[in-house]
Amino acid sequence: MAMDEEAPLVEISKNENSIVNHEKDVYILSSAFLLIFLAYGAAQNLESTINTEGNLGTISLGILYLSFMFCSIFASLVVRKLGSKNALILGTSGYWLFVAANLMPNWYTMVPASLYLGFAASIIWVGQGTYLTSAARSHANDHILNEAVIIGKFNGVFWGMFASHQFVGNLITLALMRDEEGGSTSGTTVLFLVFVCTVTLGAVLMCFLSKRAGKEEARQQDSSASSVSSVATLLKSIITLLQDIRMLLIIPLIAYSGLQQAFVWAEFTKYIVQPTMGESGVGGAMAVYGVFDAICSLVAGHFTFGLSSISIIVSGGALVQGAVLVWILLAHSVTAGALGILYPLLVAALWGIGDGVLNTQLSALLGILFKDDLEGAFAQLKLWQSFAIAIVFFLAPYISLQTMLVIMFVALCFSALGFLFLTLKVERAFSYRAA
């Protein structure tokens, strides 16, 4: 009888420990990504302003996102083979190498680092999604809770912490970099040494993650024949989605989301921030961008309940960014004094609002419309985003700011029309399926 009374206590104790571990893993994962991306995000913002010889910075980023685009197609197969924890740890090595390459930036360090980071980025993001979902499912099972609610809660914790990386990383940039006479900048070496240390700490944190034992991890035992089959299945899924009218109408918006991200990383910092605030001011402007991006991401996510709410929120974000593009196109000029500082900060804040809207709503939209093929849908997201980002980085050195603004505005109008057509013509079919 004593044995029977003790058994439930032992079982409860095991479940409590398991629950604590799942939540702990989410915070470890979120903290690791914050440390890694505060370094990478700030470094990326500086590429077009500090590595200007031969347009090394922008071309390196273009190579990076082309590599990211191609590797995203097969990243899920690599993660299945390694397991999500091992994929996360391996993925950090690409960010460490890229940041370290900026200590001695030249074509022989930056180009190989960019190519490798494209691969590393593809597997770290697939690993992140797989790991977080597995942790949420295990947590829901231990608690006997609604799985969808826990997945949403865990994603809220992760993206809330992750979104703050622009703010933290760029504050460090602002504190360590100084503009000197003659246009040179001091503190760059110290800055990237600090960033190497933060990426290293993030990689170490990844090692403390628990190993997931769900269905996702079991896939790594697949045979090579199964892997070949998986490649064929994945490619078939991507091609099938390209025949779906809903995906065809969303792709322009996905591509625009990549364009507007690359614009703020390259064009905005180079042509709007640097002339008035200097290279050291890039950190401050991007910190403002990061704060508004994070706040808007959290708010937009809170008010997302379905296709109707997504339509309203995306339309609002598109109007904000459209107004900013027209404002810069018609009224931009390099201004001295307080107005010269206020202008880029205001543009950064408004652009962050638009980016926060697109990031949250695109993910929600794909999750709602393509819940039977999430892997293929999110492969499309990364593929088209990376392609658009790469295009901006390759074109940026050869076209003017005004030309880029016109391209952005046309792309925004085209993507908004496609999205509104989707909302008006496909919502009825979607509502029928959801019911």
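Placed from the backbone N, Cα and C atoms, the Cβ positions cover glycine too.
Beyond its flanks by at least six residues, the transmembrane segment (26-43) meets 88, 92, 95, 98-99, 102, 128, 131-132, 135, 154, 157-158, 161-162, 164-166, 168-170, 172-173, 191-192, 194-196, 198-199, 201-203, 205-206, 208-209, 283, 286, 290 of its own chain at Cβ-Cβ distances under 8 Å. Among the features that TrEMBL reports, transmembrane segment is placed at 26-43 (among others).
When Cβ-Cβ distances below 8 Å are used as the criterion, the transmembrane segment (55-79) is approached by residues 44, 46-49, 87, 98, 105-107, 110-111, 113-119, 121-123, 125-127, 130, 227, 230-231, 234-235, 238, 262, 265-266, 375, 379, 382-383, 386-387, 389-394, 396-397 of the same chain, each at least six residues removed from its ends. Here TrEMBL flags 55-79 (among others) as transmembrane segment.
Nonlocal intrachain contacts for the transmembrane segment (86-104), taken as residues 6+ away from its ends with a CB within less than 8 angstroms of a stretch CB, comprise 29, 32, 36-37, 39-40, 43, 50-51, 64, 78-79, 110, 112-114, 116-121, 123-128, 130-131, 189, 192-193, 195-196, 199-200, 202-203, 206-207, 209. The transmembrane segment annotation in TrEMBL covers 86-104 (among others).
The feature transmembrane segment is assigned by TrEMBL to 116-136 (among others).
As annotated by TrEMBL, transmembrane segment applies to 157-177 (among others).
Annotation source TrEMBL lists transmembrane segment at 189-209 (among others).
Taken from TrEMBL, the feature transmembrane segment covers 245-266 (among others).
Per TrEMBL, the feature transmembrane segment maps to 286-307 (among others). Sequence-distant neighbours of the transmembrane segment (286-307) (same chain, 6+ residues past either end, Cβ-Cβ under 8 Å): 41-42, 45, 156, 159-160, 163-171, 173-174, 264, 269, 273, 313, 317, 345, 348-353, 355-357, 359-361, 364-365, 368-369, 423, 427, 430-431.
Counting only same-chain residues 6+ beyond the ends of the transmembrane segment (319-343), those with a CB under 8 A from a CB of the stretch are 260, 272, 275-277, 281, 350-351, 353-354, 357, 401-402, 405-406, 408-409, 412-413, 416. According to TrEMBL, the feature transmembrane segment maps to 319-343 (among others).
Per TrEMBL, transmembrane segment is recorded for 349-369 (among others). For the transmembrane segment (349-369), the residues of the chain that approach it from at least six positions outside its boundaries are 159, 163, 246, 250, 253-254, 256-257, 260-261, 264, 268, 288-297, 299-301, 304, 306-307, 310, 313-314, 316-318, 320-321, 323-324, 377-378, 380-381, 430, judged by C-beta separation under 8 angstroms.
Annotated transmembrane segment per TrEMBL: 381-399 (among others), in sequence order.
Remote same-chain partners of the transmembrane segment (405-424), defined as residues 6 or more beyond its termini with a Cβ less than 8 Å from a stretch Cβ, comprise 246, 249-253, 255-256, 259-260, 263, 307, 311, 314-315, 318, 321-322, 325-326, 328-329. If you look up TrEMBL, you'll see 405-424 (among others) marked as transmembrane segment.
If one looks beyond the transmembrane segment (157-177) by at least 6 residues along the same chain, the residues whose Cβ comes under 8 Å of a Cβ in the stretch are 26-27, 29-31, 33-34, 37-39, 41-42, 45-46, 128, 132, 185-188, 190-191, 194-195, 279-287, 289-291, 293-294, 297-298, 301, 356, 360. Counting C-beta pairs under 8 angstroms (sequence separation of 6 or more), the transmembrane segment (245-266) fails to reach the transmembrane segment (189-209), with fewer than 3 such pairs.
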